[in-house]
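Pulled from TrEMBL:
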- B:24-464: domain 'Amidase' (DOMAIN)
- B:Lys79: active site, charge relay system (ACT_SITE)
- B:Ser154: active site, charge relay system (ACT_SITE)
- B:Ser178: active site, acyl-ester intermediate (ACT_SITE)
Amino acid sequence: MNSGYDVIIGLEVHVELKTQSKLFCSCSASFGAEPNTHTCPVCLGMPGVLPVLNEEAVAYAVKAALALRCTVHPFSKFDRKQYFYPDLPKAYQISQYDQPLAEYGAVPIIVDGHVVKEVTVRRIHMEEDAGKLNHLGIRLGDAKGSLVDLNRAGVPLIEIVSEPDMRSADEARLYLTELRNVLSYLDISDLRMEEGSMRCDANVSLRPHDYVGSLEDLPRVEIKNVNSIRNVQRGIEYEVARQAELLARGERIVKETRGFDDQNGRTYSQRSKEEANDYRYFPEPDLPPLVLTQEAIERVARSLPPAPTVLREELQQAGVTAKEAEIIVGDRALWEYWREATTHYEDKRQVTNWILSDLSRLLNAHGDTWLTPRVTPAALADLLRLIANGTLSGRMAKEVLDRMYESGATAAQTVEAMGVSQITDHGAIQAVVQQVVADNPHVVQDYLNGKEKALGFLVGQVMKQTKGQAKPDMVNAILKGVIADYAKT
Amino acid sequence: MRAYDMTATEISQRVHRKEMSATECVREVADRITALEPLVGAFLHLDVQGALNQARAIDALSDDERQQMPLAGVPVAVKDNMTTMDMPTTAASKILEGFMAPYNATVVNRLKAAGAIIVGKTNMDEFAMGSSTEHSAYQLTHNPWDLSRVPGGSSGGSAAAVAARMVPIALGSDTGGSIRQPASYCGVTGLKPSYGRVSRYGLIAYASSLDQIGPLARSVDDVALLYDIIAGYDPLDATSIRAETARVSEGPVDWKGLRVGVPKEYLSADLGGVVAQRLQDVITQLEAQGASVLEVSLPHTAYAIATYYLIAPAEASSNLSRFDGVRYGYRASGADLLEMYENTRAQGFGPEVKRRILLGTHALSAGYYDAYYLKAQKVRTLIRQDFEQAFALVDVILTPTTPDVAFRFGEKSSDPLQMYLSDVYTVTANLAGIPAISTPAGLADGLPVGIQWLGPVMGEDRLLQVARGFEELWPSSTWPGLGGEA
């Protein structure tokens, strides 16, 4: 896309697993409790305590690895990553270094419903989260002190490391979107970037076209801890522009870690990697190696839900367009809504239309998500049935849906309350039509003289008198018949 | 007979039969501890009142409940690196001065459930790093056989307390010989079980892959009794083994047909004359009983000390990182976070601990890991295989426990390397994960000489049986006279 260099992007994504308890102790792993209430001697790093591996976390991690099409290793081990920081109680993080749980998977990049590329997942490993520091003061520099909250210390994480396969900020966004989408169907994480249950570090470098060395040797900038997919994209865009400018000026790109300021959309230098930590990794002696039988791995594989790719195909076979399928499957709650609605109502095309247009509009207007729709799939199906049996016109149904969304009432209740059921009685419509024709002889004459628009006025009058409840196609037909009779007289 | 002269087995029997109350026992023992402690210095923390309260609680139980307790009323001393909720746990370090753990070590819970009465926490080398207990941040412990000599270490307080008859049994921990060497120097019996036999939960880690808790006592029966209580799977320790601990067999050992291996590599020039001679006497005696004593080879013995002093400090450097002044223990002030860390650790740790942290940090550093830590792990595997091959040929291996008898204060503490080399016969059992027991083999010039028996992994049952047989063959007839009594 740019002349002179390629953009090389690799992403490291941390996902917090929503297990009952932490990775190595029985403390609750849930988010949002009073500081330091979800702690025990083990996650506080007290002397003499020992870690015991949480089997549920292993099962979740294996699920994620298989869903991302990785090879899960029957033998992996834990290692200690060592550094001093107050949010790290033992001064080492139990992680997996040279023998990770899983390797070599793939995440598709999807554009307009089509897979345009696959990004390789190099590895997935398990590790424990650190605690949180709350600095007293506005900026770290003038903080009077820091409060340590260890509720998060020991919460299970998986780290998903991609190969540097992405070539634009947009691809990075699409990778993250699909990664989150795949994981969302597994029930293993909240995946909320704003709460930190999903976190992303982006490695960005520019490779000049005449560069012949390895990717590893390119000066790489790591953008740390960005809090939304949108901001990952913005951070990369800024970083690509910044590095391109440096290259254009003939300056050197420094290998470093940078933060992202979402106020001004810029990255800023945090620390130079040249003074990087030596983490002194070594095998965790307190934990035996993690051994998984092939049978156990296969058991997890069998329990996996269908992948989004499969779901999208299923939808397309049901008459949903590729673009619509991407939207529906891209939001698990929406997909579940669609699936349930289509079990209540057969015409999948009609269901899809209503969900993606009117119901989506209402959700957006009310700031709701598909997790908490105010019209249930069954209620939507009831409404669609009222259209099909002629009780409601499409336009009336939209109004009814609006009311249903406000009140939470069923379609039938709403129709009754609004008194809006469609008039389909021939005689009743004919009586109104005859009255309208009799009251507007000049308009009728205009129509007979070839002024097509005049008919619209007469239809409007009929609808007005019937409070919009007369069935439109019947009104048209009857009106034309009555005018024809009138002309003969 | 006074309570302090009794074995744990005798005490619990008498308490079960109500011939003696737990309270009487504890009172007598407490009186003796109070009288002798100024001479020996075995304890970092004593809780006579707490012990009496525990004893009264035991006495208040029904007969049935007491009968269920194999250590009913038995006073026991616990090394100060095992956590106790009702006493401080310091690992003899300033960095943990006054530290009260909010949890008991699994072994402490097991002792309490068995009716034992923990009278105090014993002195040790700081964080179990040392072979003389001189590296305690708090006090020296004196060898009850000769108060001018060290009791050995790092479980020096536990060994001295048992030898001085302050308690019949005590718990120690052994990373490279820290139960067996002080047992040898103090003339008592000390067992390092197979790695994984006894839960390490609540044991303040020195080197996680080598540490193991074990019993010290004046008789093999008492060692076996205490071992039976503490051994067994613990869900809180992922390295503890899910295996039934075979009840230690009561039957006498059949010397005839017993194959005893003596590793030729252990009979080097380093071996002091007294110990070499005693080992020879023992071999002669065993052969006289009909045992077949065979020379075996453990070819990688020469690398054991180097291997141990890479792996143990490497793990220690990591295990001791948590003492950072942030959450508990000693905290020094500092202008910023880094300075607080530096001052806390500079002031909180003693010189030997710092030495090993530096050694270990270096061994794990980028660029050195492969040459040091990784290589050491490979040699460790070879050492383990040496033993597997040897145990295909023999039932037990007999070695000296230490190159020499107890040394004088200051004799080796000025030369760390000399101190490290004295671990030559004991570190291999930790590296190989096998059980090993040191039993007394009489005195030489008034000082105890110990010999060591090694068995295959999970072979404690047989090992204890052999040790008991040897004890009958070579009984310890006297105990050090302290405070004027014989």
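In case you wondered, yes, glycine gets a Cβ from its N, Cα and C as well.
Sequence features annotated in TrEMBL and their locations in the structure.
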{"residue": "B:Lys79", "record": "active site, charge relay system", "DSSP class": "strand"}
{"residue": "B:Ser154", "record": "active site, charge relay system", "DSSP class": "coil"}
{"residue": "B:Ser178", "record": "active site, acyl-ester intermediate", "DSSP class": "coil"}
Determine the Cβ neighbour count for B:Ser178 (active site, acyl-ester intermediate): the number of other Cβ atoms within 10 Å of its Cβ.
37
Identify, in sequence order, the residues in the chain of B:Lys79 (active site, charge relay system) that are 6 or more apart from it along the sequence and have a CB within less than 8 Å of its CB; answer 'none' if there are none.
B:Lys121, B:Thr122, B:Met124, B:Ser155, B:Gly157, B:Ser158, B:Ala170, B:Leu171, B:Gly172, B:Ser173
Quick one: give me the count of other CB atoms within 10 A of the CB of B:Ser154 (active site, charge relay system).
35
If I take the alpha carbons of B:Ser154 (active site, charge relay system) and B:Ser178 (active site, acyl-ester intermediate), what is the distance between them in whole Å?
5
Mean predicted confidence [pLDDT] for the domain 'Amidase' (B:24-464)
95
